[in-house]
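Annotation source TrEMBL lists transmembrane segment at 24-53, 65-86, 92-113, 120-141, 153-172, 193-218, 230-249, 261-279, 285-306, 327-346.
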């Protein structure tokens, strides 16, 4: 795949070309990155929820069954973009933001009152997941459509997240509504080899991506014999390393190209997961968490930039729709990955799921 800066001349001649920076474009970035906390926090902390559910609320359920709660949440977070992306392309950003806020807050409030499996699934899995998904893909598309040559830097900042500037989503210059109403799904994209191949690759990648996020504390506490605080601390260390990886992708992508950075991150992350099967010491496991965290961060940050490339999305006006279609394919891998891993018998050794 050619480098992202090559087709910029092509875009400059188009009336829909992105502004590639400027005050308004950067306000979009700093308005969007707080959304990472509200959309990805339940997914990135899924293991904390799972351990609590298994020890307190759902003690009689197997790890595989409990894992469905987190994977349903993560799957909706990503797959809802197949509807939210086209709505973004049509200019309904504020409407999505309001609905997202209502559903996420309502889901978390209901979760605090939940005591049974179906209640937790409805509040945590469905309500929070769908609500977060309504704005996650539009937030990515909002940043992507504002940049061309600086897209990697902007996406790295957005993916790093922060706790400021959320009101700018309502105060900033709105995304203009297109004159022509487009279909929700680009059926022609399903005939494009590159689009379908990239979607299948994402399906395979994300089938395994969430397994460490779901089972790192479980492995540390049950197999390595660490304290609960240290087990959860290792998950925090993994997410901390992911933060540096997401920012680091902004430095790696201009030097090596976004597609090469994504491919390298996927390969290293996969190797790290295979190495995990042979780890039996705390020091080795800490190294795994840091290595996987960093390169999985690069993978997460570089992924949507590739979708914005003209090879996948011919024009900026269809980025939202095609992002939604790609993430829908990805969500299927997310949905089955962790529960499949949880199906392996643990037999008290806490390492059966590593074979997945």
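Backbone N, Cα and C atoms are what each Cβ position is placed from, and that goes for glycine too.
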Cβ contacts the transmembrane segment (120-141)/the transmembrane segment (65-86), at least three under 8 Å, sequence gap 6 or more: yes
Contact check, the transmembrane segment (285-306) vs the transmembrane segment (230-249), 3+ Cβ pairs under 8 Å, seq sep 6+: yes
Tertiary contacts of the transmembrane segment (65-86) (same chain, 6+ residues out, Cβ under 8 Å): 39-40, 42-43, 46-47, 49-50, 53-54, 58, 96, 117, 120-121, 124-126, 128-130, 132-138, 141, 182-185, 206, 210, 214, 319-325, 327-328, 330-332, 334-339, 341-342
